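Remarks on the structure that follows.
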Amino acid sequence: GKDTGLPEPATATPSKTSFLTLEYYQKFFDVDTLIVLERIANSMIPKRAPGNYLRSSIGQNPDLYGPFWITTTLIFCIAISGNIANYLQHHNDNYQWRYNFHLVSYAATCIFIYVNFLPAALWATFKYSLKPLDEGHETENADYTPSLLSLMCIYGYSLAIYIPVSILWVIQLSILQWLLVITAALLSGSVLIAVLTPALRNSKYSLFLIIGILAAHFLLAAGFMLYFFHVPSSGSAASIHPTMEALKKPVEEVLAVTKAVVGNITNK
């Protein structure tokens, strides 16, 4: 009869789901909270992840849950903090401040392009710049290139460091803002290079890719700070003068506090 009692052949497994369906992506959101927290920590702390992290951890189980919530949180953090920074620049002036709702869409567009198009370009470059195999020096990772989802996962987590930084950018001290840009970009960028090292070694353009990855990461951070925090979103001449006045006040306050502290120490 038709019912032979034998198991179904392997070709009949119900795992053939189209990438256009929600079921296909469901597995990428099924991830443990501890794994997400571990990957966030690995994205910010250099040399924390093991050498085979890309292939053994991310490659075996790429998730989009962490990157989705990280990017969503970052979008709203930048928009809210950017508006607060803009308000602080004008709160003592006659300038009529209004909440700029467009900052949400600007931040979302920038972040969406960065975490989707950049990994796609990197994935294609890894594929087409693969070094020919050397028979005398074959290793386990000799022809390894990460999947597109693995790269999207890594880049999504790499933005986690900018969430606390975007809150600190509200402080209207230029030197502090630039220090935060450099520190965040170096920490997260160095982790990106370390994690992608197995794939970079196999590319004919490894040096150019390293420079490009670090430059893009720094430009993203600098762009966030300069556009959303360093100057008001309105570039009109009328808004330039209040901005300069607003920048002078915190400097004067810091100097006054410093003098008071030094005076107390001297008196003692």
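The backbone N, Cα and C atoms fix where each Cβ goes, and this holds for glycine too.
These come from TrEMBL:
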DOMAIN    50-223  domain 'Yip1'
TRANSMEM  68-88  transmembrane segment
TRANSMEM  100-126  transmembrane segment
TRANSMEM  146-171  transmembrane segment
TRANSMEM  178-199  transmembrane segment
TRANSMEM  205-229  transmembrane segment
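Among the stretches 68-88, 100-126, 146-171, 205-229, the one making the largest number of Cβ pairs under 8 Å with the transmembrane segment (178-199) is 205-229. By the count of Cβ pairs under 8 Å, the stretch nearest in packing to the transmembrane segment (68-88) among 100-126, 146-171, 205-229 is 146-171.
Within the chain carrying the transmembrane segment (100-126), a Cβ under 8 angstroms from the stretch's Cβ atoms is held by residues 67, 71, 74-76, 78-79, 82-83, 86, 145-148, 151-152, 154-156, 159, 199, 202-203, 205, 209, 213, 216, 220, 223-224, 227-228, 233, all 6 or more beyond its ends. On the 0 to 100 pLDDT scale, the domain 'Yip1' (50-223) averages 87 in the predicted structure.
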